[in-house]
Amino acid sequence: MAKIIAFDEKARRGLEGGMNQLADAVKVTLGPKGRNVVLEKKWGAPTITNDGVSIAKEIELEDPYEKIGAELVKEVAKKTDDVAGDGTTTATVLAQALVKEGLRNVAAGANPMALKRGIEKAVEAVSGALLEQAKDVETKEQIASTASISAADTQIGELIAEAMDKVGKEGVITVEEFQTFGLELELTEGMGFDKGYISAYFATDMERMEASLDDPYILIANSKIGNVKDLLPLLEKVMQSGKPLLIIAEDVEGEALSTLVVNKIRGTFKSVAVKAPGFGDRRKAMLGDIAILTGGEVISEEVGLKLENAGLDLLGRARKVVITKDETTIVDGAGDTDQVNGRVAQIRAEIENSDSDYDREKLQERLANVAGGVAVIKAGAATEVELKERKERKHRIEDAVRNAKAAVEEGIVAGGGVALLQASQVFEKLELTGDEATGANAVKLALEAPLKQIPSTAVSRAAWSWRRCATSPWATA
């Protein structure tokens, strides 16, 4: 396929045009009086939403340069959604304003690398100022309030606060679609770890880029799996059972990985491979935790177990496993309760006997994983109309969970763009010169953009609001 190549101003303007088209469609939803956007669907009724990342995902542009520009802003919205669960529209507005000011200065002859250094120094200073402003979120009521705002639903906020209260602030909370009305909270045995699928081809939900396995077998191996001949006997047994397979191993590569991916794409066999969490002895211990929670065995030659000889009796089981690119959550493992309790007691004893702060911290993480369990929020619907939109409701709850966890970790600040504007006062302390100072000034101007956008969507007096918020002491979080 022939490539279209552009340089300098033509390339920059093409990228900016795509960014502006996407950002202009998204930013009208900002604020308490933000507008809704109607999204056409290939089939069925159109979707009405004010969720920034949902709008961004739907935008596809014809011009190749504009398409690249739009994709860059999509990535901004998506990363914000993944980390914080909210604030995607604000992030889009900031990105648009920063790019606009940056390109204006580049066109005027500024050095792009010096601008970049100035932007990075300014962003670091602003991040520090925002953290200083932040109020801690500690009580159940504060968590419920934060999650309620994100989900635009008080009941969802209270349920998330209840879930965090039961499994701890570092605990695993997962959301499942439920075939009935309303919301329900269930606490089950299970765990999560920070390793995702090895290949994106394993994803079963391409929109969310996650894989979901119902009632799977779980192979736990403390070694690399590369030779498909070693894996084939076990694969045939699992395929005969009609169940999906989750493979947790040091690595899955070569023929073995290719075979799993090809069978998944063809629809012959549903499986997901993930790398084992941790390293060295810690990995061995965490694999042992997973084995006990799921009722399986760790396949390792150290204990005389070889992959080619493994049967279904050595595999773990769970009611459900959800895997994203970054993490794996095992829900309701089939492990024996007495063995799980014994493992908890063993880890607690190791914590008491440990002299190393680092080791103690890692043991505490393992203890939380094994003993804390998994909180499952079952998302039904309040009405028959909502029942048709259950998937969107599930995504909204997942975003609210991430939002609540981010608030607990780093605190909350004044909303409405006020905190960003007040954080810009930190620029008075930055001692930058030349194009680095110009880059920092671009950040300062971008920080004003969200607060200027909110009144414009509400058809209000933007200039008056901006001046008052910049100077009002009550606006400080």
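Note that Cβ sites are derived from N, Cα and C of the backbone, with glycine treated the same way.
Swiss-Prot annotations:
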- T29, L30, G31, P32, D86, G87, T88, T89, T90, G416: ATP binding site (BINDING)
Seminar exercise, completed: Cβ contacts within 10 Å for T29 (ATP binding site), all chains included, total 20
For this session: Please state whether DSSP places T88 (ATP binding site) in a helix, a strand or coil.
Result: helix
Exercise. Taking the Cβ of T88 (ATP binding site) as the centre, how many other Cβ atoms fall within a 10 Å radius?
Worked result: 26
